[in-house]
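The active site annotation in TrEMBL covers Glu379. TrEMBL lists His467 with the feature active site, proton donor. Look at TrEMBL and you will find 83-131 tagged as domain 'FTP'. Marked as domain 'PepSY' by TrEMBL: 148-213. According to TrEMBL, the feature domain 'Peptidase M4' maps to 243-386. What TrEMBL records for 389-551 is domain 'Peptidase M4 C-terminal'. The signal peptide annotation in TrEMBL covers 1-26.
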Amino acid sequence: MKRTQIGIGLSVGLVLTSFSSTSASAEQKVLSIEKFNKEVNSPEFISGQLTSPNTNKDEKVIFSYLNAHKDKYKLGDKSAEESFIVTSKQQDSLGSTIIRLQQVLNGVPVWGSTQVAHIKSNGILTVFSGTVQPNLHEQQSIQSNPSISQNQAISIAEKDLGFIPKYEKKPTAEHVIYPNKDHVTNTYVVKLNFLYPQPGNYLYFIDTNTGEIVHKFNKIDKAHSEQQTGVSPKIGKDVKQIGKGIGVLGDTKSLNTVLSGSNYYLKDRTRGNGIFTYDAKDTENIPGTLWFNSTDFFIKTYDAPAVDAHYYAGKTYDYYKSKFNRNSYNNAGASIKSSVHYGTNYNNAFWNGQQMIYGDGDGQMFLPLSGAIDVVGHELTHAVTESSSDLMYQDESGALNESISDIFGILIRFYDNRNPDYEIGEGIYKPGTPGSALRSMEHPEKYGYPDHYSKRYIGDDDNGGVHTNSSIINKAAYLLAEGGTHYGVTVPGIGRDKMGAIYYRANTSYFTQSTTFSQARATLEQAASDLYGAESAEVDAVKKSFDAVGIN
């Protein structure tokens, strides 16, 4: 991939203060941030005491606030009730209610325009996060009815694909409004999910009037760049067992298995709704066959990728459960499915929206990719993100998505204490070249990745550089955890646990689908304030970590 390096400043402004709340129930300092997006000239993140204490329903608190600031958010003659719908509502561990919203026009969702609001138990709105697409009422081009059908849109996308795939899910087409800088378009978003003849989770945006392809990208969340809940399989009555296996790198691991009949299966019934590991048998047919053996010792070379996929999926579950009390990737106990021996010499691993899939590698560039716990943790963290912030997999939000997976892949590796460091994919990448890795959080430039916003990639490859620009956030996270001086900025390290807690809270409580790097900074400052206080050393460290990589 060609990487272009330029130095352009972020198009945002930031106002940051701390003030004492006048609420009787909140005497502590409150972090107040108002960050504007200059492209749309409206707030993309605002926090503080945004309303007075009240006893209204949460939805009314939000809509009343937005109606009082219609000009700021450029809603025109539309009310907040007409402009947004509530998509989810939950209580967080700190006592606030988190409400996620979707912007709509005449009931049609605006692609990527999602927002998050936080309301305290006394009715005070403390955060409104997410860019609102402005002045939709002025866009005459989106007032007309579609001229083509959903099936026609699917056919247009399939024709552009250029081959006949074997679908994992039936293609769908949904009416959405697609924003593109200064204008918006009525489109169908067509979703094509398949594994054969090559993995794809494509989104096509088709103009509902002309049939033109407005935009397209592949949403497959892979371990590296290239140019739903599982169903418990029926194997009869089973008994929980503890077996052993030898992994890709030759280490022995304990495995949670079950005995059914005369066979032992890689089925773990001790975590959530189960962890299941399958054999794709060098095909693209998934999930494949639930892995079994006649003994409870999985020691053959062919077993090794399954041993690691099964064991590391369990450790990833344990990390999220022990650190954040998260019950599987969707926080509702979803079963975790993994398929190994996918394809022939396939040099990648990915989350396809339903399960984990691991290639065996070609033995030269990669060993079986399930052999690295940080790769397994990386991919399953994509599932966590998809179930929470749902960061769009393109441009800065996609790079942030990739970075979150890198960060937690590394944190899971430290949690398992398996020769931990900040090198990603070490051990299974270029096995004949000692010291090789996919990426480094500590030294991104070691592998040709940017370590500062001024060096970011601005092209179209890799969905806008999602695996490239992620290293900028990776470096900020490394500095936050370990400390150091970078580009003349000294960052005090706060430790891995605190860094992980701040990034986890931001991803699950503040990020929206379209969060940019500048918005991420504001939300991470807010997350640190929530956890450690507005005037804490942790908030200061977050600020300095982003200063060090040039994100304002």
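Glycine is treated like the rest: Cβ placed from N, Cα and C.
TrEMBL does not curate its annotations; it predicts them automatically.
Regional average pLDDT for the domain 'FTP' (83-131) in the model is 96.
Residue counts of the domain 'Peptidase M4' (243-386) by helix, strand and coil are 41 helix, 48 strand, 55 coil (DSSP-based). Residue counts for the domain 'FTP' (83-131) under DSSP, helix first, then strand, then coil, are 1 helix, 34 strand, 14 coil. Between the active-site residues Glu379, His467, the minimum number of other C-beta atoms within 10 Å of a residue's C-beta occurs at His467. Separating the Cα atoms of His467 (active site, proton donor) and Glu379 (active site) is a whole-number distance of 13 Å. Within the domain 'PepSY' (148-213), the DSSP-based counts of helix, strand and coil residues read 12 helix, 34 strand, 20 coil.
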